[in-house]
Every structure is written in structure tokens, then in C-alpha cells.
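Worksheet: one structure, shown below.
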Amino acid sequence: MNRIYACPVADVPEGEALRIDTSPVIALFNVGGEFYAINDRCSHGNASMSEGYLEDDATVECPLHAASFCLKTGKALCLPATDPLTTYPVHVEGSDIFIDLPEAQP
């Protein structure tokens with residue numbers, strides 16, 4: 001895994017999301033003080049998940065077609081999406097957030 005610096009904790013208030021412009025682009029969410037990172041592109045359509053609707057139960061709804069995903073597992077919870085989103089491990093160290101990304105393939 002390749003650990004990257006994402007942002008300060010203060011940049012992602014509770015109940016909010018932040019787009020992290022990495023490769024791949026990541027959507028970082030704060031749900032009740034727990035941070036979750038997923039691929040920012042909906043698996044059904046070309047929509048930014050960081051612009052989606054965050055629910056208290058750690059799910060996010062795509063802003064384009066209302067597909068819902070579990071932030072913990074990436075699982076698609078309702079149609080029209082059937083494919084999961086990639087999730088990434090998140091680490092909080094002091095006041096900073098880091099995300100583990102897979103190593104780049106040669």
C-alpha cells in the first residue's frame with residue numbers, strides 16, 4: 001500500500017465530504033467522527049460521490065441517479081448501481097488524515 005496525506009481533520013467537518021484529487025480521485029467522508037474513503041466516481045454513472053447525499057448510517061447516495069452505497073464496504077445498496085465502489089483504509093494521525101492506496105501497477 002502507498003500511504004498518502006489527504007488533508008487536516010478540520011477540512012472534513014462531521015456530516016461532510018471532501019474530494020481528494022489523487023489518482024484515483026477519492027471521496028473522503030466524516031460520519032460521526034469516523035472517516036471513510038471511497039472511489040469518487042459512481043460505479044453506475046459518471047457522478048462525483050463527494051457531491052452525493054450523506055446519511056447518518058454511513059451510506060452515501062449518488063447525486064445523479066440516487067444509487068446508494070455503504071461507505072464501510074463500498075457495496076451497492078440499491079439500483080440502478082450493482083457494482084461496488086472501491087474503499088480505501090483511512091488513518092488519522094494527530095490532526096491529519098492519511099489514506100492507503102494500492103501500489104501503482106507497472
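Every residue gets a Cβ built from N, Cα and C, even glycine.
Swiss-Prot has this to say about the protein:
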| type | residues | note |
| --- | --- | --- |
| DOMAIN | 4-99 | domain 'Rieske' |
| BINDING | Cys42, His44, Cys62, His65 | [2Fe-2S] cluster binding site |
Other residues, Cβ within 8 Å of Cys42, His44, Cys62, His65 Cβ centroid ([2Fe-2S] cluster site): Ser43, Gly45, Ala47, Leu64, Ala66, Ala67, Pro80, Ala81
Under 8 Å by Cβ from Cys62 ([2Fe-2S] cluster binding site), same chain, sequence gap 6 or more: Cys42, His44, Gly45, Ala47, Met49, Gly52, Ser68, Phe69, Ala81
Nonlocal residues around His65 ([2Fe-2S] cluster binding site), in sequence order (Cβ under 8 Å, 6 or more apart): Cys42, His44, Gly45, Ala47, Pro80, Ala81
Model confidence over the domain 'Rieske' (4-99) (mean pLDDT, whole number): 96
His44 ([2Fe-2S] cluster binding site) CB neighbourhood, other CB atoms within 10 A: 19
Protein Cβ atoms within 10 Å of Cys42 ([2Fe-2S] cluster binding site), excluding its own: 26
